[in-house]
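Peer 1: Pasting the feature list from TrEMBL:
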REPEAT    57-81  repeat 'WD'
REPEAT    91-125  repeat 'WD'
REPEAT    135-171  repeat 'WD'
REPEAT    178-214  repeat 'WD'
REPEAT    222-264  repeat 'WD'
Amino acid sequence: LHGYAVEFSPYCPGRVACAAAQYYGMAGCGTLAVLEQNEAGIVLLRRFDWNDGLFDVTWSENNENMLITCSGDGSLQIWDIAKAKGPLQVYKEHTLEAYSVDWSQTRGEQLVVSGSWDQTAKLWDPAVGKSLCTFKGHEAVIYSTIWSPHIPGCFASASGDQTLRIWDVKTPGVKLVIPAHQAEVLSCDWCKYDENLLVTGAVDCSLKGWDLRNIRQPVFVLLGHTYAIRRVKFSPFHATILASCSYDFTVRFWDFSKPNPLLETVEHHTEFTCGLDLSLHNRGQV
């Protein structure tokens, strides 16, 4: 199995969920593995199998045992790690691969957004059996959908149509379209300290920072990866630090405020590096 996404639990330090797929996600099954770091090392806490590849995972923000994954068959699955069997619920509405899923970060709501190769994003309330809304506008595959940690009901999406788009759940149309790269955009993330700042990572090997108040030029451009950037995340502890991972097998750490922004290149992996997360509990843990 190849790992596609990894996410730290927002509740339990050292607990990690990993979404994985057989045969690089092109065929075969998927697995959700929940791992925990303790004195003995890293142990497998729970394992759930699904009949198609799993491409992304998100922890619930209101229940420490609940996770949602999304799959190559277009479905979302809700899992409860307190129960040995699962899933609790399956939502099957996307017509192609569901590639991204994220649980809302602002405290006033419990909403989930998913992004699919069917070019749509969908809004879900995990307590409701069907999607609340479908967002259309992208002209190619959606690779990434990420909630704003600051603005309730606001999320960003990154797509193969080379754009980053900003959406508001209260209005069905797109709020903002940013022509971010001249290549497919595989990942995006919001700065945890500035509600107007996002980063995108693309097939052109570059990371770009975007200020929503002025989208004509990127705020920063970070170069160094030698293949497509698969995922990018801002630090929860530092306003100007971010991490990226790539098909070049590396994980890179950047500080865009510095004249030489590349802080470190980690070459521990021997295959495509697809998943990446930074712990909310332990400052230095990735």
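Along the chain as shown, residues are numbered 1 onward.
A Cβ is built for glycine as well, from the same backbone N, Cα and C atoms used for every other residue.
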Peer 1: What is the average pLDDT across the repeat 'WD' (135-171)?
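Peer 2: Overall, the repeat 'WD' (135-171) comes to a mean pLDDT of 97.
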Peer 1: For the repeat 'WD' (91-125), name the stretch out of 57-81, 135-171, 178-214, 222-264 with the most CB-CB pairs under 8 Å.
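Peer 2: Result: 135-171.
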Peer 1: Sort the residues of the repeat 'WD' (222-264) into helix, strand and coil with DSSP and give the three counts.
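Peer 2: The repeat 'WD' (222-264) comes out at 0 helix, 22 strand, 21 coil.
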